Amino acid sequence: MTFQPTPRQLSAIKAALFLLTLLPALHYAHGLWSDSLGANPIEALTRGMGIWTLNFLFLTLCVSPLRKLSGWHWLLRLRRMLGLTAFAYGCLHLLTYLWLDQFWDVDAIARDIWKRPFITVGATAFLLMLPLALTSSHAAIRSLGGKRWQSLHRAVYAVAILGVVHYLWLVKRVALLDPIIYALVLAILLGWRVVERIRLNGPWPTRSTPPAVQPVVFMKRDAVAALGEPKKR
């Protein structure tokens, strides 16, 4: 049976989800305050914010498959919050590195980037997240158009790939299990995306094949569904 929440229920679900997204940040804030993050609290905080960036990014990517499997189309209305939460934790991850780890020392940061390329990969992932966060509104969809907006937001998969590479490169060989699990989950999500595209479009189009119209319809509908109907003035 398909569950379709009323507007009031959906508002309650969004409020509950928002509160849940705050829990990791509150946990680490309490850990800093109570000095319970271990021998190297700054490293624990930086890594924790990075892991939760990946967690919320992956939850964002899971929305479309879950909507398809369950028939709960209202899940799209939660995707923007999850995506912006991933960006917020990405900002905290970057901030803890620049401020608490490097103390805004530009020379030290430059040397760190040169010696530790995984930081460059992480920074690239963050830079790719910026336009996605800045274009997460109805105004952005109207300005860009549904097709271009959807094409831009496919960069979320590149962000996820770079995030996993960043994590794999960061950890030591004895601690590879967690990033490998993220890599496997990402492979499943990417595989689902490819299968879904083939199902909608047929085989990958060649130059002589005219572009299909149907995917554009889905793009517009999904973009609007993810943000909710704009209020009429």
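Keep in mind that glycine also has a Cβ here, set from the backbone N, Cα and C atoms.
The domain 'Ferric oxidoreductase' feature in Swiss-Prot is assigned to 50-164; the stated evidence is sequence analysis.
For the transmembrane segment (13-33), the residues of the chain that approach it from at least six positions outside its boundaries are 5, 41, 44-45, 48-49, 52, 55-56, 77-78, 81-82, 85, 89, 92, judged by C-beta separation under 8 angstroms. The transmembrane segment feature in Swiss-Prot is assigned to 13-33 (among others).
If one looks beyond the transmembrane segment (44-64) by at least 6 residues along the same chain, the residues whose Cβ comes under 8 Å of a Cβ in the stretch are 21, 24-25, 28, 31-32, 37-38, 75-76, 78-79, 82-83, 85-86, 89-90, 92-93, 96-97, 100-101, 122, 156-157, 159-160, 163-164, 166-167, 170, 178, 182, 185-186, 189, 196, 222. Under the heading transmembrane segment, Swiss-Prot lists 44-64 (among others), citing sequence analysis as support.
For 81-101 (among others), the entry in Swiss-Prot reads transmembrane segment, with the evidence type sequence analysis.
According to Swiss-Prot, the transmembrane segment annotation covers 117-137 (among others), on the basis of sequence analysis. Here the transmembrane segment (117-137) has Cβ contacts under 8 Å with residues 50, 80, 83-84, 86-87, 90, 93-94, 97, 144, 149, 152-153, 155-156, 158-159, 162-163, 165-166, 169-170, 227 of the same chain, all six or more residues outside its ends.
Residues or ranges marked as transmembrane segment by Swiss-Prot on the basis of sequence analysis: 151-171 (among others).
Annotated transmembrane segment per Swiss-Prot: 174-194 (among others), in sequence order, evidence recorded as sequence analysis. Beyond the transmembrane segment (174-194), the same-chain residues lying 6 or more positions past its ends with a Cβ under 8 Å from any Cβ of the stretch are 51, 54, 58, 61-62, 65, 157, 160-161, 163-164, 167-168.
This prediction places the mean pLDDT of the domain 'Ferric oxidoreductase' (50-164) at 92.
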